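Written below as structure tokens is the structure these notes are about.
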Amino acid sequence: MEKLLHWSIANAQGDDEAKARAGQPDPKLLEQLFGGGPDEPTLMKHAMAVISNPEATLENKLVAFDNFEMLIENLDNANNIENMKLWEPLITVLDDPEPELRAFALSVTGTAVQNNDQSQNNFAKYDGALAKVIKLASGRAEDAQVRTKAFYTLSNLIRHNKLIYDQFNQLNGLQIIAPVLKDANASEKLKLRAMALLSTVLTVADMNADFFALLRAYNIIETTLEFLHPECNLYLIDRVLNFFSQLINVGFEFSATELEKLKVGVKNIEPVEAQLNEDDYKTVQYVSK
């Protein structure tokens with residue numbers, strides 16, 4: 001870069017001697033600086049070619065994934081995944097034996113579909129794609145980072161998209177939440193991702209008796225009640241209170257057994273009340289009295 005600066009100054013001044021001393025700049029560097037390199041769709045294709053190449057090293061594939069994810073943070077580039085037929089090779093990586101690649105494929109997918117209904121629908125139309133993400137999220141033997149990224153991706157796929165939530169529901173997606181929350185070996189980060197997915201579901205599901213029955217059938221109400229304890233992660237407690245608050249606001253009624261556990265739970269978390277969301281706490285506290 002310093003050499004390019006000297007050359008630029010000498011060239012502007014018309015100093016032949018100084019230009020000779022500076023030498024010719026690197027053509028590739030000039031391309032990068034003045035926009036003469038490949039356009040972003042081409043870079044996306046190149047990155048996916050590396051990712052899909054069985055001869056490429058893991059390190060090179062991870063670098064290519066990193067570059068690809070930075071590119072698709074742009075909405076137009078995210079939508080170009082479909083236009084350039086790159087969803088299929090990306091979805092194929094979800095079956096790769098290397099967990100780092102599976103995690104990156106999920107991360108890229110989650111980023112591409114975030115607040116982007118066009119890319120959400122593009123992904124979901126591929127046969128078995130949503131089911132693969134659900135399977136990766138639910139697998140207890142799966143790599144922890146892969147599971148965390150899978151929950152992130154599911155949340156971003158479902159958010160503000162009723163059609164994809166309906167597909168998720170048809171695949172019994174809600175049943176993957178309680179096992180994570182009950183798993184003593186699951187990280188708090190994974191449990192927070194599971195609660196984030198649950199919160200996202202509440203924004204698109206029909207809040208009716210059938211949905212409430214599903215929450216009970218999949219042990220979600222019972223399991224979340226167990227987090228109302230001061231020794232639990234405060235962020236998890238907050239997530240649970242928000243979950244209950246949203247249910248209460250749409251007319252959900254706790255059973256007698258659930259209400260008794262709720263009363264005990266609210267009493268248990270009184271010592272940390274000041275560190276919790278005030279509105280959610282008071283809503284749940286009022287019902288528990």
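Using N, Cα and C of the backbone, Cβ positions are placed for all residues, glycine too.
Look at Swiss-Prot and you will find 13-56 tagged as repeat 'ARM 1'.
Same-chain residues lying 6 or more positions outside the repeat 'ARM 2' (75-114) and placing a CB less than 8 Å from one of its CB atoms are 40-41, 44-45, 48, 51-52, 58, 61-62, 65-66, 68-69, 120, 122-123, 126, 129, 132-133, 136, 142-143, 145-146, 149-150, 152-153, 155-157, 159. Summarising the annotation, Swiss-Prot assigns repeat 'ARM 2' to 75-114.
Per Swiss-Prot, the feature repeat 'ARM 3' maps to 118-159. Within the chain carrying the repeat 'ARM 3' (118-159), a Cβ under 8 angstroms from the stretch's Cβ atoms is held by residues 78-79, 81-82, 87-88, 91, 94-95, 99-100, 102-103, 106-107, 109-112, 165, 167-168, 171, 173, 175-176, 179-180, 183, 187, 189-190, 193-194, 196-197, 200-201, 203-204, all 6 or more beyond its ends.
Sequence-remote contacts of a segment are chain residues at least 6 beyond its ends whose Cβ falls under 8 Å from one of its Cβ atoms, and for the repeat 'ARM 4' (162-203) they are 120-121, 124, 130-131, 134, 137-138, 140, 144, 147-148, 151-152, 154-155, 214-215, 218-220, 222-224, 226-227, 233, 235-236, 239-240, 242-243, 246-247. According to Swiss-Prot, the repeat 'ARM 4' annotation covers 162-203.
According to Swiss-Prot, the feature repeat 'ARM 5' maps to 209-249. Sequence-distant contacts of the repeat 'ARM 5' (209-249) (same chain, six or more residues past either end, CB-CB distance under 8 Å): 169, 174-175, 177-178, 181-182, 188, 191-192, 195-196, 198-199, 202, 258, 261-262, 264-266, 268-269, 271-272, 275-277, 279-281, 283-284, 287.
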Task: Could you put numbers on the helix, strand and coil content of the repeat 'ARM 3' (118-159), residue by residue per DSSP?
output: 32 helix, 0 strand, 10 coil
